[in-house]
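Taken from Swiss-Prot as is:
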type: LIPID; residues: Gly2; note: N-myristoyl glycine
type: DOMAIN; residues: 24-59; note: domain 'EF-hand 1'
type: DOMAIN; residues: 61-96; note: domain 'EF-hand 2'
type: BINDING; residues: Asp74, Asn76, Asp78, Thr80, Glu85; note: Ca(2+) 1 binding site
type: DOMAIN; residues: 97-132; note: domain 'EF-hand 3'
type: BINDING; residues: Asp110, Asp112, Asn114, Glu116, Glu121; note: Ca(2+) 2 binding site
type: DOMAIN; residues: 146-181; note: domain 'EF-hand 4'
type: BINDING; residues: Asn164, Lys166, Glu171; note: Ca(2+) 3 binding site
Amino acid sequence: MGNSRSSALSREVLQELRASTRYTEEELSRWYEGFQRQCPDGRIRCDEFERIYGNFFPNSEPQGYARHVFRSFDTNDDGTLDFREYIIALHLTSSGKTHLKLEWAFSLFDVDRNGEVSKSEVLEIITAIFKMIPEEERLQLPEDENSPQKRADKLWAYFNKGENDKIAEGEFIDGVMKNDAIMRLIQYEPKK
């Protein structure tokens, strides 16, 4: 009775998440219970997020990428994710090639948050992605994609950009929607 914090997910947040994700009320309630157990204060810090993310990629170094993912979803810049931000992150990073996922991908690559992506930002994110690829898979990559620099160069060439050019959000989304090879370059799908 003296506990002022409710352990139940508010109806308002539940309805918002049901409307904006593919998750059912039961799934959201179950995930909320787990989130509350892991994060009793209702927030997850970047280091905790990195640890959890690392569990999905045990044979690689996903911490750098996890940091960028965390930054892209910490919409209020408070250094934590609440349950709503966490579920949106799960939804967008696990769904297919949707417009929303591509908006998120652009925000991931837009490291300095200036509304444009530079080649150095592309290289920074691709380097973080590359560290998630286990060594045995890296050895099987095509010659023109077997290093972060080569992948960044290939991506930049798809967009027909010079070294100092920038990519705007609409151009990024259109390019990825029209070319599956670009999608493959900007993410890592672990082999089953």
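Cβ coordinates are placed from backbone N, Cα and C, and glycine is handled just like the others.
The binding-site residues considered are Asp78, Glu121, Glu171; of these, Asp78 has the fewest other C-beta atoms within 10 angstroms of its C-beta. Shown in sequence order, Glu116, Val117, Ser118, Phe159, Lys161, Asp165, Ile167, Ala168 are the same-chain residues outside Asn164, Lys166, Glu171 whose Cβ sits within 8 Å of the Cβ centre of the Ca(2+) 3 site.
A 10 Å cutoff on Cβ-Cβ distances gives Asp110 (Ca(2+) 2 binding site) a total of 21 other Cβ atoms nearby, all chains included.
Rounded to a whole number, the C-alpha distance linking Asn164 (Ca(2+) 3 binding site) with Asn114 (Ca(2+) 2 binding site) is 15 angstrom. A strand conformation is recorded for Lys166 (Ca(2+) 3 binding site) in the three-state DSSP classification. Most Cβ neighbours within 10 Å, among the binding-site residues Asn76, Thr80, Asn114, Asn164: Thr80 holds that distinction in the structure as shown.
According to DSSP, the secondary structure content of the domain 'EF-hand 2' (61-96) in residues is 23 helix, 3 strand, 10 coil.
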